[in-house]
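Taken from Swiss-Prot, the feature heme b 1 binding site covers H13, H151. Annotated heme b 2 binding site per Swiss-Prot: H45, H137, in sequence order, evidence recorded as similarity to another entry. Annotation comment: Swiss-Prot describes 7-27, 44-64, 85-105, 137-157 as transmembrane segment, evidence class sequence analysis.
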Amino acid sequence: MHKKYSCLQIGIHWLVLLLVIIAWSSIELRGFAPRSYQPWMKMIHFSCGIAILVLMMTRILIQLRYPTPPIVPKPSPMIVGLAHVGHWVIYLLFIALPIIGIAILYCRGSSWIAFGLIMPHAEQANFDLADTLKAYHLLLANMSYFVIGLHALAALLHHYVLKDNTLLRMMPKKRG
């Protein structure tokens with residue numbers, strides 16, 4: 001049994017975090033950018049969202065191949081249960097958010113760009129559905145900030161208070 005997650009799992013974990021930060025920054029800060037930059041910032045947001053979806057699906061498939069390394073010392077069953085619930089909430093959020101985002105853009109019936117490519121859209125716009133989906137997208141996005149914060153806080157609690165290897169299992173190897 002390995003003491004750490006695989007390099008691939010660690011890489012995906014931190015890459016998803018980076019993409020979430022870029023997606024959030026590009027959409028939240030677009031109002032501060034010159035008007036000519038706004039389509040570019042939206043494209044970054046859309047591209048990051050699609051990349052997050054692909055990486056999260058990949059991460060779930062990899063999870064089936066590589067067992068979760070044990071936490072040492074072993075935490076209580078309640079803590080393990082809460083961790084499992086927290087991880088599945090994160091997986092669901094970061095799969096649902098991009099899917100809903102893609103559905104919003106599709107329903108608007110106008111061209112949108114991801115990765116520099118024109119993406120498909122509905123021939124007939126359905127703005128009511130797009131607006132409803134956008135409300136869910138915003139709600140889930142705001143929930144995700146809270147969940148990410150709890151996830152980071154739990155990792156720090158494990159490291160500094162419980163003094164187990166939870167955080168170390170997901171850290172890249174030291175060079176040297």
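We number each residue from 1, going along the chain as drawn.
Glycine is no exception: its Cβ is also placed from the backbone N, Cα and C atoms.
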Pairs of Cβ atoms less than 8 Å apart decide it: which stretch in 7-27, 44-64, 85-105 has the most with the transmembrane segment (137-157)? 85-105
Six or more residues out from either end of the transmembrane segment (85-105), which same-chain residues have a Cβ under 8 Å from its Cβ atoms? 16, 20, 46, 49-50, 52-53, 56-57, 59-60, 112, 119, 121, 130, 133-134, 136-137, 140-141, 143-144, 147-148, 150-151, 154
Least Cβ-crowded entry, counting other Cβ within 10 Å, from the binding-site residues listed as H137, H151: H151
Least Cβ-packed of the binding-site residues H13, H45 (other Cβ atoms within 10 Å) is H13
